[in-house]
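Everything on this sheet refers to the single structure shown next.
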Amino acid sequence: MFRLLLLALSCLESTVFMASVSISRSKPVGIVGGQRTPPGKWPWQVSLRMYSYEVNSWVHICGGSIIHPQWILTAAHCIQSQDADPAVYRVQVGEVYLYKEQELLNISRIIIHPDYNDVSKRFDLALMQLTALLVTSTNVSPVSLPKDSSTFDSTDQCWLVGWGNLLQRVPLQPPYQLHEVKIPIQDNKSCKRAYRKKSSDEHKAVAIFDDMLCAGTSGRGPCFGDSGGPLVCWKSNKWIQVGVVSKGIDCSNNLPSIFSRVQSSLAWIHQHIQ
């Protein structure tokens, strides 16, 4: 089994939880504090791939979610540039193990949120259109999106899923099975206080805006390779995606991680997928 190429990409404020395909070699990427997940439990989860000439294969760089039979939602920082060529990306669906013998799906179009800011990570969202409609099944189906009027808080049952590192320097081992972890949503005011209480300038500089959502606790949350993945909550007898993994510091070590809030971009999402 070949190795994933990972890089902790630092921005001015924090670290994005993205795997890299071009800089250095390390073992492949699971969620901090998580457990293995069985097939079919999270049928909207996808692995976003880019081709690596170093290992001559399509390697995992980010997570994503199926929100429509032809559309994937992920993080904007997972995409190389505003005019990125869709042909350099592929998507794996319906599988809990990375790198099983499976046909990867082609992307025909990429749309980055028009208000995305690469420094602050505001509106860190991107849509990817598949070249063909998915055939839904037990293992492949879209997740529900929230309503504008929906509310989510620490009392909700919310889960994060991904193939990211188990700890900052502890990658997932073969067979690279998808991991899940239950994490609490935190209100933005408490999240801001938590960051400002830290002594380092890096922590204090983190800005949390209304289009962001905080979730996770010490030892439970996303790490490198989890960017773009969905945060889902059980509400009204269905799973609803409330967030997209965006940024954090030290792989969920002491602080909540920061997600893009899906509700803040519903109009933009529906404009393109309908």
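Cβ from N, Cα, C; glycine included.
Fair warning: this is a prediction, and the values are worked out from it, not measured in the lab.
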Tell me, from Cys191, Cys233, Cys251, which cysteine Swiss-Prot puts in a disulphide with Cys223.
Cys251
According to Swiss-Prot, the disulfide involving Cys158 connects it to which residue among Cys62, Cys78, Cys233?
Cys233
Going by Swiss-Prot, which one of Cys11, Cys78 is joined to Cys62 by a disulfide bond?
Cys78
By the record in Swiss-Prot, which of Asn106, Asn139 is the one labelled N-linked glycosylation site?
Asn106
Identify, in sequence order, the residues in the chain of Cys191 (disulfide bond) that are 6 or more apart from it along the sequence and have a CB within less than 8 Å of its CB; answer 'none' if there are none.
Ile208, Cys214, Pro256, Ile258
In the structure shown, which of the disulfide-bonded residues Cys62, Cys78, Cys214 has the fewest Cβ neighbours within 10 Å?
Cys214
Please tell me which one of the recorded positions listed here (Cys62, His77, Cys78, Asn106, Asp124) sits closest to Cys223 (disulfide bond), measuring Cα to Cα?
Cys62
Which residue, out of the disulfide-bonded residues Cys158, Cys223, Cys233, Cys251, shows the minimum number of other Cβ atoms inside 10 Å of its Cβ in this structure?
Cys233
Given the recorded positions Asn106, Asp124, Cys158, Cys233, Cys251, which one's Cα is the least distant from that of Cys78 (disulfide bond)?
Asp124
